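Positions annotated as ATP binding site by TrEMBL: GLY12, ALA13, GLY14, LYS15, GLY16, THR17, ARG125, GLN197. Residues or ranges marked as AMP binding site by TrEMBL: THR33, ARG38, ASP63, LEU64, VAL65, GLY88, TYR89, PRO90, ARG91, GLN95, ARG158, ARG169. As annotated by TrEMBL, region 'LID' applies to 124-161. Annotation source TrEMBL lists Zn(2+) binding site at CYS128, CYS131, CYS148, CYS151.
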Amino acid sequence: MGKHILLLGAPGAGKGTQSKRLASEFDLEHVTTGDALRANKDMDISDMDFEYDTPREYMESGDLVPDDVVNEIVKTALQEADGYVLDGYPRNIEQAEYLTEITDLDAVLYLDVSEEELVERLTGRRVCDDCGANYHVEFAPPEEDGVCDECGGELIQRDDDTEETVRERLTVYHKNTEPVVNHYRDEGVLVEIDGEQTPDGVFDDVAEVVEDA
Ligand code: ADP
Ligand code: ADP
Ligand code: ZN
C-alpha cells in the first residue's frame, strides 16, 4: 500500500513545491485542495445555501471555502489514490476531524517559515497557467522572464497573491489552521521541518521522514 503523507504549513511555506517533488520521487498522488478549487472556481454551490454561490468569492477574498464543499473533494480524491501527499487540507479543526474519519496517516510534516518570509514568497510567486509549475521572481526565477521552463506556458500571478489578500490569508491561517498544527503536535505525531532552507535542503529533510514512514 502507498504511503499517506500530510504536509502542513502556512500559505507560502513551500507545500506545493515540496509536494510535487515528493509525489514524483515516491510515486504518490499529489492531492491539493487549492488546485482542485482553482480548477472549479465557478462550480455552482448555490443549492448548499452558503454566503456565496461559487468558491471564487471565498478564494479571492482570502477566506476558506465552506467545509462541505472541500471535504467532498478530498474524500473523492483520497478514495481514488493509493499513496498520496495531501497539501492544503485540513485548514481548520472540523476538517481535521473529518480527515481522521476517512483515512489513516503515516506521517504529518510541518514546514516552519517566518511570517516575513511568507509574505515575500507569496507576493513574488508566479505559476504556470498551463502546467501549474511554481516560480518566484527572486528565489526561483524561470530561465526566460514570464515563460515556464517545463512547458513554455505563460507565468501568471494568482489573483490572491496580492499583498492585501496575502495578509488576509495569513490572518485566516493563524485563526483557523494553526490550531490544526497544534492538534497534531499535541498528539505527538508532528515532524517539524525548517522550511527556510533552500528547496533542496527542505526536500532532503522531508524525504528522510517519508522514507521511514
Ligand atoms: P496556498 O498554497 O498559498 O496555501 P492554496 O492554493 O492552498 O493556497 O489555497 C488557495 C485558496 O483556496 C485558499 O485561500 C482558500 O480560499 C481555498 N482553499 C484551499 N484549500 C482549502 C481548504 N482545505 N478549506 C477551505 N478552503 C480552501
Ligand atoms: P505553498 O504551496 O505552501 O503556498 P509554494 O510551494 O507555492 O508554497 O511556494 C511559495 C513561493 O515560495 C513560490 O514562489 C516558490 O517558488 C517559493 N519557494 C518555495 N520553497 C522555497 C524555498 N525553500 N526558498 C525560497 N523560496 C521558496
Ligand atoms: Zn508550465
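Each residue, glycine too, has its Cβ placed from N, Cα and C.
Projection of TrEMBL feature records onto the structure.
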residue: GLY12; record: ATP binding site; contacts (Cβ under 8 Å, 6+ apart): VAL113, GLU117, LEU118, VAL119, ARG121, LEU122, ARG125, VAL166
residue: GLY16; record: ATP binding site; contacts (Cβ under 8 Å, 6+ apart): THR32, GLY34, ASP87, ASN134
residue: THR33; record: AMP binding site; contacts (Cβ under 8 Å, 6+ apart): VAL70, ILE73, VAL74, ASP87, GLY88, TYR89, ARG91
residue: ASP63; record: AMP binding site; contacts (Cβ under 8 Å, 6+ apart): GLU168, VAL172
residue: VAL65; record: AMP binding site; contacts (Cβ under 8 Å, 6+ apart): LEU37, PRO55, TYR58, MET59
residue: CYS131; record: Zn(2+) binding site; contacts (Cβ under 8 Å, 6+ apart): CYS148, GLU150, CYS151, GLY153
residue: GLN197; record: ATP binding site; contacts (Cβ under 8 Å, 6+ apart): ASP205
Cα-Cα distance linking ALA13 (ATP binding site) and ARG158 (AMP binding site), given in Å to the nearest integer: 16
Cα-Cα distance maximum in Å, computed over every pair in THR33, ARG38, ASP63, LEU64, VAL65, GLY88, TYR89, PRO90, ARG91, GLN95, ARG158, ARG169 that the record assigns to AMP: 25
Pairwise CA distance, CYS128 (Zn(2+) binding site) versus GLY14 (ATP binding site), rounded so that it is a whole Å: 16
Sparsest-packed among the binding-site residues, when each Cβ's other Cβ atoms within 10 Å are tallied, from LYS15, ARG91, ARG125, ARG158: ARG158
Shell list (Zn(2+); ref centroid = CB of CYS128, CYS131, CYS148, CYS151; cutoff 8 A): ASP129, ASP130, GLY132, ALA133, ASP149, GLU150, GLY152, GLY153, LEU155
Same chain, 6+ residues apart, C-beta under 8 Å of the C-beta of GLY14 (ATP binding site), given in sequence order: LEU111, VAL113, ARG121, GLY195, PRO199, VAL202
Among ALA13, CYS128, CYS151 [binding-site residues], residue with fewest other Cβ within 10 Å: CYS151
Contacting binding-site residues for ligand 1, chosen from ALA13, GLY14, THR33, TYR89, CYS148, ARG158 when the Cβ sits under 6 angstroms of any of its atoms: THR33, TYR89
Helix, strand and coil residues within the region 'LID' (124-161) as assigned by DSSP: 3 helix, 12 strand, 23 coil
Binding-site residues whose CB lies under 6 angstroms from ligand 3, from GLY14, THR33, VAL65, CYS128, GLN197: CYS128
Maximum Cα-Cα separation in Å among residues GLY12, ALA13, GLY14, LYS15, GLY16, THR17, ARG125, GLN197, which the record lists as binding ATP: 17
Cβ packing number for TYR89 (AMP binding site), 10 Å threshold: 26
